[in-house]
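Asks: Handing you a structure now.
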Amino acid sequence: MPAAIRALIAGNWKMNGLKAQLAEFEAMLAGAPALADKADLLVCPPATLLHAFGQKLGNGARSFAVGAQDCHANVSGAHTGDLSAEMLVDAGASAIIVGHSERRADHGETDSVVRAKAEAAWRAGAVAIVCVGETQAERDAGQTLDVVGRQLAGSLPDGATAENTVVAYEPVWAIGTGLTPTANDVEQVHKFIRDCLTKRFGGEGAAVRILYGGSVKPSNAKELMAVPEVNGALVGGASLKAADFLAIAAGCP
């Protein structure tokens, strides 16, 4: 991981967490100061907990933030059940995940939809965490780089910078399966992503953080975080427990 790019460990709680889980978040906050020289920390709880988590953060200066897992592209309107980026930021989010593979698969989100959501996050003043990644079938067909390149081109709006954008590479076949690609495979894809970002966005693209996601856990975090062009992790299930989440952050160089 280049020393110039500070690591980000982002936790995606997905559809998990009730008020009782505030204790886990408080434990994360308690352990965060010891990791201040390692990484920035971000937790994206379900929207029902976003405000409560934000209140726990308070106004103190620390490298810890809360974010959201998705947003609607519009500011407001007749979109029953949806939440705009502005609403999420108002509730305390400073970053919003867009284009997660589960949204792409379960809700049919296309690259153009993801792009609009990324623009919405920027509009509201939030960082867009744009997810890309191939399925098992695409991997087996040798299409990984083609798929990732196409998703990057279609999902990232013009104007991406290191301040408003994070890219997360999540091979779909590795999410929640316990399977992880080899370090060499991760390096190949992350270097490809970096090349795409630099060619399109120049110096800003060279500084955008690229996270790895897909069965990241304490036992493999150190190896993954040592891979060139891996600037942190997007963590799923392991982010639900403070001990695991903090241990993953401790694996950053």
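Cβ coordinates are placed from backbone N, Cα and C, and glycine is handled just like the others.
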Asks: In Swiss-Prot, the substrate site includes Asn12, Trp13, Lys14, Gly176, Gly236, Gly237. Which of Ser63, Ser155, Ser215 does it also list there?
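Replies: The one candidate that Swiss-Prot places in that substrate site: Ser215.
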Asks: Between the Cα atoms of Lys14 (substrate binding site) and Glu170 (active site, proton acceptor), what distance do you get, rounded to the nearest Å?
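Replies: The Cα atom of Lys14 (substrate binding site) is 15 Å away from the Cα atom of Glu170 (active site, proton acceptor).
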Asks: Pop the Cα-Cα gap between Glu170 (active site, proton acceptor) and Gly236 (substrate binding site) into the table, whole Å please.
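Replies: Approximately 11 Å lies between the Cα of Gly236 (substrate binding site) and that of Glu170 (active site, proton acceptor).
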Asks: Which one, from the binding-site residues Gly236, Gly237, has the smallest tally of other C-beta atoms lying within 10 Å of its C-beta?
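Replies: With the binding-site residues Gly236, Gly237, fewest surrounding Cβ atoms within 10 Å: Gly237.
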Asks: Determine which residues of the same chain, besides Asn12, Trp13, Lys14, Gly176, Ser215, Gly236, Gly237, have their CB within 8 A of the center of the CB atoms at the recorded substrate site, and list them by sequence.
Replies: Ile175, Val235, Ala238, Ser239, Leu240
